[in-house]
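Listed features, source TrEMBL:
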SIGNAL    1-24  signal peptide
TRANSMEM  204-228  transmembrane segment
TRANSMEM  268-295  transmembrane segment
TRANSMEM  301-325  transmembrane segment
TRANSMEM  337-362  transmembrane segment
TRANSMEM  368-390  transmembrane segment
TRANSMEM  428-447  transmembrane segment
TRANSMEM  459-485  transmembrane segment
TRANSMEM  497-517  transmembrane segment
TRANSMEM  529-557  transmembrane segment
Amino acid sequence: MERITACLVAMAVVTFCAVPQVRSSSSDHRYKAGDDVPLYANKVGPYHNPSETYRYFDFPFCSSAPVKEKKEALGEVLNGDRLVSAPYKLVFLTEKEAEIACKRKLTKKEVAKFRAAISKDYYFQMYYDDLPIWGFLGKIHYNKDRVIEVTVRSDPNALVDLTEDEPIDVDFMYTVKWKETNTPFENRMDKYSLSSSLPRHLEIHWFSIINSCVTVLLLTGFLATILCEFLRTISYAHDDESADDQEESGWKYIHGDVFRFPKNKSMFAAALGCGTQLFTLTIFIFILALVGAFYPYNRGALFTALVVIYALTSGIAGYTAASFYSQLEGTNWVRNLLLTGSLFCGPLFVTFCFLNTVAIAYKATAALPFRTIVLILLIWALVTSPLLVIGGIAGKNRKEEFQAPCRTTKYPREIPPLPWYRKTLPQIAMAGFLPFSAIYIELYYIFASVWGHRIYTIYSILFIIFIILLIVTAFITVALTYFQLAAEDHEWWWRSFLCGESTGLFIYAYCLYYYVARSDMSGFMQTSFFFGYMACICYGFFLMLGATGFRASLLFVRHVYRSIKCE
């Protein structure tokens with residue numbers, strides 16, 4: 001224990017610093033010998049708890065006077081980055097040997113704080129000329145007048161024994177070595193992105209795609225069988241003589257009830273609107289990812305994109321919800337818009353308030369500053385809400401009637417008793433299992449990136465998996481809707497939505513498995529952040545895939561009943 005403690009403290013002593021992660025033009029990041037290269041310290045925290053990070057100088061490291069904070073963008077703050085100037089001077093092409101940055105006497109309390117951090121495997125993160133560095137082995141590399149790579153190691157000859165809770169004098173020292181390399185400046189980020197493209201990883205990713213394709217092929221064959229059976233039995237609708245003699249049964253028997261509007265029309269339309277907006281948001285995020293907007297350690301770019309695109313697409317939610325609510329002959333469209341605006345944002349806001357309070361109590365960098373919270377509220381008030389209302393007004397004024405190929409009877413037909421496996425909960429479980437089985441292999445890499453320190457850059461494969469997920473969700477929902485109608489159960493609207501969105505429940509169940517079996521996360525803060533924000537993410541999948549399943553089922557049901565004689 002003494003040896004591990006001393007080594008990790010030395011690693012902290014050798015800590016360098018960080019610059020903000022912003023992609024520069026070809027004219028930037030050029031230095032001459034002796035130029036100061038900006039260094040910023042970012043954060044420290046338990047290696048296995050990526051959400052539990054603290055400001056660098058919350059720990060008694062050697063600090064410069066005064067400490068200057070780097071102005072952060074919205075996405076960087078949401079990412080938990082808090083860059084400050086560091087006392088170590090890494091002058092371009094100037095080597096240093098055991099340079100003393102400062103001398104400091106650690107108190108008994110500070111020694112105990114260091115030892116507690118070491119026992120929890122704390123790591124540090126810094127940036128040096130746009131390059132992230134941690135406590136791993138290496139030297140600083142350069143190519144002519146540019147910094148190409150930076151790494152850090154601890155000096156085994158400069159250890160400090162923190163076994164006892166006693167005050168101790170510490171010399172914070174650092175050594176700088178420069179090594180020339182032929183790596184072009186444009187490729188200096190490749191080492192961070194190539195880790196997820198190694199052959200052994202690509203084999204697993206392609207196996208995931210093959211597994212998903214097999215699932216799609218099986219479902220396609222299954223659905224084709226259903227359609228063939230449907231086409232075989234539908235011929236009576238085009239034969240007047242046989243139609244008069246043949247008694248209607250199964251799904252044909254309920255043609256006067258199948259287009260009866262669902263209960264809770266406003267909630268249904270709001271869920272459809274939110275799901276459509278989240279689907280649009282996901283597509284835009286994939287487009288940005290595929291064009292290279294989210295290159296490794298582009299700090300906060302994803303969070304900024306999520307906030308901005310969600311705000312700009314709120315009009316889609318308002319338009320979809322209001323127009324469909326109008327088709328369902330709803331009249332209280334103001335209530336419908338309020339429900340649409342709060343259906344996803346409401347739970348997300350409550351979750352954020354709780355988790356931000358936890359982060360404040362822990363004094364972690366995940367706690368958002370007041371000005372950032374005000375900025376997000378302004379975006380919601382000045383962009384999201386107005387666009388939602390504008391979209392809702394446009395949808396309400398569209399005045400399009402619901403396209404039902406069959407006339408709905410005045411009184412609903414009684415639904416016959418159903419076996420247990422055809423009731424709602426078993427159908428939902430069956431509907432969610434197959435889409436989840438198509439993506440579960442890829443889920444591990446996504447979780448390891450979001451809730452760990454892996455780098456995920458194979459967005460093309462992820463996009464393929466997403467398309468397969470949509471196809472499988474649509475196919476299985478259509479199949480289950482057919483079986484439901486065949487059992488003379490005409491209340492398929494909410495069932496199709498719930499069957500589509502049930503994959504979100506399976507993903508959340510996988511969260512529990514990942515937390516227990518595949519990660520070393522611990523502590524109340526990390527646990528609450530993991531399950532809290534994953535609940536919001538899975539709820540987003542819940543709405544998005546629910547909208548996908550219902551749209552597919554509606555298309556199928558319309559096609560089916562358009563092909564029969566409806567009186």
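Each Cβ is built from the backbone N, Cα and C atoms, and glycine gets one as well.
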(request) Counting only CB pairs under 8 A, let me know which of 268-295, 301-325, 337-362, 428-447, 459-485 has the most with the transmembrane segment (497-517). (result) 428-447
(request) Quickly jot the same-chain residues contacting the transmembrane segment (428-447) by Cβ under 8 Å, restricted to those at least six beyond its ends, or write none. (result) 196, 201, 204-205, 207-208, 211-212, 215-216, 219, 454, 456, 461-462, 465, 468-469, 472-473, 476-477, 480, 498-500, 502-507, 510-511, 514, 518-519, 545, 549
(request) Mind checking which residues of the chain, 6+ beyond the ends of the transmembrane segment (268-295), have their Cβ under 8 Å from one of its Cβ atoms? (result) 23, 189, 193, 262, 301-302, 305-306, 309-310, 313-314, 316-322, 324-325, 328, 330, 336, 339-340, 343-344, 457, 459-460, 462-463, 466, 493-494, 497, 501, 540, 543-548, 550
(message) I need to check the long-range neighbours of the transmembrane segment (459-485): which residues 6 or more away from its ends have a CB within less than 8 Å of a CB in the stretch?
(response) 205-206, 208-209, 212-213, 215-216, 219-220, 222-223, 226, 230, 250-251, 254, 258, 282, 286, 289-290, 294, 422, 427, 430-431, 434-435, 438-439, 442, 446, 492, 495-496, 499-500, 503, 545, 548-553, 556-557, 560
(request) Can you tell me which of 301-325, 368-390, 529-557 gets the most C-beta pairs within less than 8 Å of the transmembrane segment (337-362)? (result) 529-557
